[in-house]
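Enquirer: I have a structure I would like to understand better, so I am pasting it below and will then ask my questions one at a time.
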Amino acid sequence: MASPDDLKFQEFEEAEDLLSSNPGASTLSISSSNPAAAAAPSGEVRLDLSDDEENQQESSELLGGEKKTGGFWTFEYYQSFFNVDTVQVLDRIKGSVMPLPGRNFIKHHIRSNPDLYGPFWICVTLVFSLAISGNLSTFLSEMGNPEYHYRPQFHRVSIAAVTVFLYAWLVPLGVWGFLTWRQSVERQINGYTFLETVCVYGYSLFIYIPTSVLWTIPFNWLQWLLIVVAMVISGSVLVITFWPAVRDDTKLTAFATVAVIVALHALLAVGCKLYFFHTAEDTRSPHPGQHITPASNHTTALKT
Amino acid sequence: MVVSHLNRTVTSLNELFEHHAHFAGLSDISISEDIPVEGDISVPVGSQNADNDFSTLDEPVKDTILRDLRAVGQKFVHVMYPKKSSALLRDWDLWGPLLLCVTLALMLQGGSADSEEDGRPQFAEVFVIIWFGSVIITLNSKLLGGTISFFQSLCVLGYCILPLTVAMIVCRIVLLGGSGVVSFAVRLIVVTASFSWSTFASTAFLADSQPTNRKALVVYPVFLFYFVIGWMILTFSPSH
């Protein structure tokens with residue numbers, strides 16, 4: 001059995017020896033006095049935790065980087081993108097409809113756990129809500145017309161799907177590519193990964209789902225008001241997210257990037273509204289025989 | 001050869017008893033080596049019956065078809081009265097979903113001549129939505145960490161389309177009587193009831209295989225799937 005003498009704290013000298021032999025090692029200093037001295041005076045205790053590069057690299061990977069489990073041909077790789085709970089998804093959706101100026105969506109909500117569940121199912125829901133609401137609004141706007149025969153207009157689902165999914169995947173690809181290129185040219189450090197960009201865009205489309213349902217109300221001014229409100233909310237989420245990434249660039253590039261992002265978003269909203277939803281001008285005329293107004297001609301031309 | 005084995009066993013048993021003679025009372029027991037132990041071990045290697053229990057090659061075709069039909073019918077009953085049974089999951093098959101999907105897609109056709117401007121879903125669109133939708137929902141539940149297998153989930157989702165198919169039949173019958181507001185209200189009620197029945201039935205089977213904090217994430221796509229199918233049924237209008 002050990003004698004009482006052996007229970008003395010004997011690593012003191014060992015730590016000093018290690019530290020003097022390798023002064024560049026990272027050390028953890030427990031005392032509150034001067035932590036930067038290379039030689040340990042008698043009041044401090046230093047524990048030498050790591051004296052090689054591997055440990056430092058490992059800890060930085062765990063703290064900040066992405067964990068890539070397996071190659072892209074394994075199932076676990078894709079499972080790592082669905083590592084979210086119900087509460088987290090709801091929290092991210094709430095963050096996308098309530099943009100606050102200080103809260104960067106990526107830094108605050110995603111926090112290096114980007115998921116593909118939210119963007120994918122929000123896009124699918126948006127596709128069907130656009131098609132169904134568009135069909136409903138066509139039906140409501142043509143209800144007074146005795147010659148109208150109801151059609152499900154199911155081909156609109158395919159068109160809506162192509163549009164929404166192209167927007168949700170190609171535009172983030174472009175934005176990410178542009179930001180990465182500027183990052184390499186201008187040597188900034190505020191970049192986002194591709195998945196985080198897709199995540200932001202996917203969640204920012206959520207506001208269009210209730211907007212598309214409300215677009216069935218056949219008042220023109222209401223529809224345009226809804227577009228403006230949705231654009232403001234959704235656009236500000238995107239602007240707040242991407243502004244910190246470009247503000248270190250030249251003024252022209254920064255403003256141009258943000259303007260392009262907002263313009264594309266507006267284009268999606270207005271395009272969907274004009275294509276899928278007939279305005280109320282078609283039915284404003286009281287004479288059933290005169291309901292072919294120039295506005296409806298214009299929208300039918302758009303429909304083909 | 002068997003006898004010599006037994007002899008050796010007897011000898012070793014005797015040695016065992018001698019070595020452990022301190023077991024009181026047992027030292028009296030010893031098997032004498034004089035008495036030969038004989039026996040006869042025979043394995044019936046003779047002729048087997050031609051049709052074993054496991055070979056179904058020789059049964060009449062009617063039996064084969066009826067067995068599969070009975071399995072499908074039993075699963076239909078399980079869907080209509082969803083209790084917590086594992087029959088659907090244990091013996092999955094895809095005959096039922098295929099039958100239901102083809103029936104639904106055919107009934108959504110209506111046989112109209114001017115099908116281009118009608119805008120109703122084509123056969124291929126219905127088929128793709130049902131099967132592709134089921135595959136995507138299954139992949140979604142597996143990616144979220146579900147323990148159900150791929151084909152079991154396809155089986156459950158396909159069989160739970162049964163209430164919607166029944167609703168489709170009812171809608172077509174109602175539409176024979178006219179397509180006014182009353183018939184629309186009746187169809188709306190029938191489709192809503194059957195859509196919630198389908199969602200409830202499939203959730204009863206699928207929800208157990210998910211971790212508890214992700215149940216809603218798995219149930220929502222199922223809800224969306226049956227909602228879209230219900231929409232297709234509700235908006236079916238006959239051509240004239």
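Cβ atoms are placed via backbone N, Cα and C, with glycine included.
Residues annotated as topological domain 'Cytoplasmic' in Swiss-Prot: B:1-91, B:194-215. The transmembrane segment feature in Swiss-Prot is assigned to B:92-112, B:126-146, B:150-170, B:173-193, B:216-236; the stated evidence is sequence analysis. What Swiss-Prot records for B:113-125, B:237-240 is topological domain 'Lumenal'.
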Enquirer: Tell me, roughly as an integer, the mean pLDDT over the topological domain 'Lumenal' (B:237-240).
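Expert: Across the topological domain 'Lumenal' (B:237-240), the average pLDDT comes out at 64.
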Enquirer: Decide whether the stretches the transmembrane segment (B:126-146) and the transmembrane segment (B:173-193) have at least 3 CB pairs under 8 angstroms, with pairs required to be 6 or more apart in sequence.
Expert: no
Enquirer: Taking residues 6+ outside the transmembrane segment (B:216-236), which of them lie with a CB under 8 Å of any CB in it?
Expert: 104, 108, 110, 120-121, 126, 129-130, 133-134, 136-137, 140-141, 144, 146, 157, 160-161, 164, 167-168, 171-172, 175, 187-188, 191-192, 194-195, 198-199, 202-203, 206-207, 210
Enquirer: What is the number of residues in the topological domain 'Cytoplasmic' (B:194-215) that are helix, strand and coil, as DSSP sees it?
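Expert: Taking each residue of the topological domain 'Cytoplasmic' (B:194-215) in turn, the totals are 20 helix, 0 strand, 2 coil.
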